[in-house]
């Protein structure tokens, strides 16, 4: 039986989403479409009478800004927002900044799919010579984390994302849910997929088939042990959501004209 409700989402679209590049830990902002997605998400949640007690985000701007826009639409700007690197997007290592379609041309669609969607496959690590290395690791937000800078990831599989996310879920978010708080998690495609895997008990093999579009609220109903009661539900126009999911899945494919 359902006892708790949790809302999570992948942030609204950013410039690099539109350019089909691996964004990861680069602090790209929402574009105009992404801001509109976030506002629409807020409107949907308002129509469903959601009143949040606490919001959790990553330390990346696109996650935080999405949460702010949602709260603004809800008229709940006063609700506390807590940010942690443990909700950050998956660290794509050496792939950061690269175009997914170009990678599919160079390495094949299946390899790109494994890098993007599989559970255990880790991309090559980021090196100090990488054009975005200094931007990431010299950023002040990563000098005040709960782990030393040299212990932050240089590349991650989805398994790695779940392992760094779970302590934060268990120690910070889950206790608030168990207290009956209504929680919103504004995160990223892979940190959200990792949490869904844990809460829904999705297998290592099946998680590759879970794709999340930007800016769409996801409802999870949880039992007293914080396990999902049934599959997650996308809230909104289901036809539009399926089209958005297909768009995300096609990002790692070579367009027909180029084959």
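Every residue gets a Cβ built from N, Cα and C, even glycine.
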Which one of 29, 159, 247 shows up in Swiss-Prot with the note glycation site?
159
In Swiss-Prot, which of these is labelled glycation site: 46, 197, 246?
197
Which candidate in 43, 181 appears in Swiss-Prot with the annotation glycation site?
43
Out of 18, 143, report back the residue that Swiss-Prot marks as glycation site.
18
Return the count of C-beta atoms lying within 10 angstroms of the C-beta of residue 5 (glycation site), excluding that atom itself.
13
Between the recorded positions 43, 90, 100, 197, where is the Cβ count within 10 Å the lowest?
43
Which one is closest to residue 13 (substrate binding site) in space, judged by CA to CA distance, out of the recorded positions 3, 89, 122, 159, 197?
89
Would you find the one among the recorded positions 3, 24, 122 whose Cβ has the most company, meaning other Cβ atoms within 10 Å?
24
